[in-house]
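Asker: Supplied in structure tokens, the structure appears directly below.
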Amino acid sequence: MFYAQNNFLEFARTLASGAGELIRERLYAHKDLKIKTKSSPTDLVTEIDREVEEWIAERIKETYPEHGMLGEEGTEREGSSAGGSIYRWIVDPIDGTTNFIHQRINFCISIALYHGDEGVVGVVYDPIRNEMFWASRGEGAFLNGEKLDIREKKELMESLVGTNLIWLRRTRKLGLLDHVYTIARRSRGIRALGAAALEMAYVAAGRIDAFLSLKLSPWDFAAAKLLVEEAGGVVRSFTGDAVPIAPPEHGLIAARTSLLPELMDILNEERTSDVAANDKETH
Ligand code: IPD
Ligand code: CA
Ligand code: CA
């Protein structure tokens, strides 16, 4: 492994574990969480999301002042290129904020470093279960030191699929609801955890075999995309194309490679939209 890449990985893991400690401290201080909404009544944020992002951003700036950063809670730093592409950290301080607020479990910190469009390192850390998933380009993916490998072939009928597509308005708008039911019927079942980065890390770990989502931002999937790819899986759009790491939002399938053709066949069957223009749904 390149010396610099190794340093980036160590740094990302230290950041994730420090951020995890901060979150646990704040969570166990038994103060009421201050909750605000962002783009919609179901898009929540707490003061801890913001504090953790600031904490991470400061450390990145101190250690790699020439690097850029993109954080969900508003951090946007350009970074400077030294001849080639810019290094950019892509951070979600808490992915699964609704779980964080309601369940105090099933959320994670997601930290990735990209060089241009290419993932260099990615860390997804669940601070409650103390599970750290990490990947480094060309060096594999790991969970707490154990190498992850999802190359083994599986059929859809022996697979578990993660998705929140069933209740999203956008799913119906795109005429995809029947397709999701088809996936449920042809697989061992559907699971919805509510933290995309963690669900994709679970694909890398083989806990679920595929994960489908329609509207993810770069900070939701930057780190976990590298995890899935380094574990031997694929991350593609619903039409099978590469998923860009540029904002704003993307639909994606993260899966064992052997499942991609069948999932895509199902998703690309004929579609009919059934959303009324004036419905008042929150998702
Ligand atoms: C959200 C979660 C959720 C996904 C949303 C994301 P947040 O991130 O990952 O599972 O369905 O699209 O925005 O707001 O909890 O960081
Ligand atoms: Ca997120
Ligand atoms: Ca978040």
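Just so it is clear, glycine is given a Cβ too, placed from its N, Cα and C backbone atoms.
Copied straight from TrEMBL:
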BINDING   GLU72, ASP92, ILE94, ASP95  Mg(2+) 1 binding site
BINDING   ASP220  Mg(2+) 2 binding site
Asker: Any idea what DSSP makes of ASP220 (Mg(2+) 2 binding site), helix, strand or coil?
Answerer: helix
Asker: Do me a favour and check the Cα-Cα span between ASP95 (Mg(2+) 1 binding site) and the residue listed as 'Mg(2+) 2 binding site'; whole Å is fine.
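Answerer: Cα-Cα, rounded: 7 Å.
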Asker: Among the binding-site residues ASP92, ASP95, ASP220, which have a Cβ atom lying under 6 Å from any atom of ligand 3?
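Answerer: ASP92, ASP95, in sequence order.
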Asker: At the Cα level, what's the spacing in Å between GLU72 (Mg(2+) 1 binding site) and ASP220 (Mg(2+) 2 binding site), rounded?
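Answerer: Checking the Cα atoms of GLU72 (Mg(2+) 1 binding site) and ASP220 (Mg(2+) 2 binding site) gives a distance of 9 Å.
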Asker: In this structure, which of the binding-site residues GLU72, ASP92, ASP95, ASP220 has the fewest other Cβ atoms within 10 Å of its Cβ?
Answerer: GLU72
Asker: For ASP220 (Mg(2+) 2 binding site) and ASP92 (Mg(2+) 1 binding site), what Cα-Cα distance in Å is obtained after rounding to a whole number?
Answerer: 6
Asker: Within 10 Å of the Cβ of ILE94 (Mg(2+) 1 binding site), how many other Cβ atoms are there?
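Answerer: Neighbour count, Cβ to Cβ under the 10 Å cut-off: 27.
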Asker: Other than GLU72, ASP92, ILE94, ASP95, which residues of the same chain sit close to Mg(2+) 1? List them in sequence order, counting a residue when its Cβ is within 8 Å of the Cβ centroid of the site.
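Answerer: For the Mg(2+) 1 site, the extra neighbours are ASP49, GLU73, VAL91, PRO93, GLY96, THR97, CYS108, ILE109, SER110, ALA197, TRP219, ASP220.
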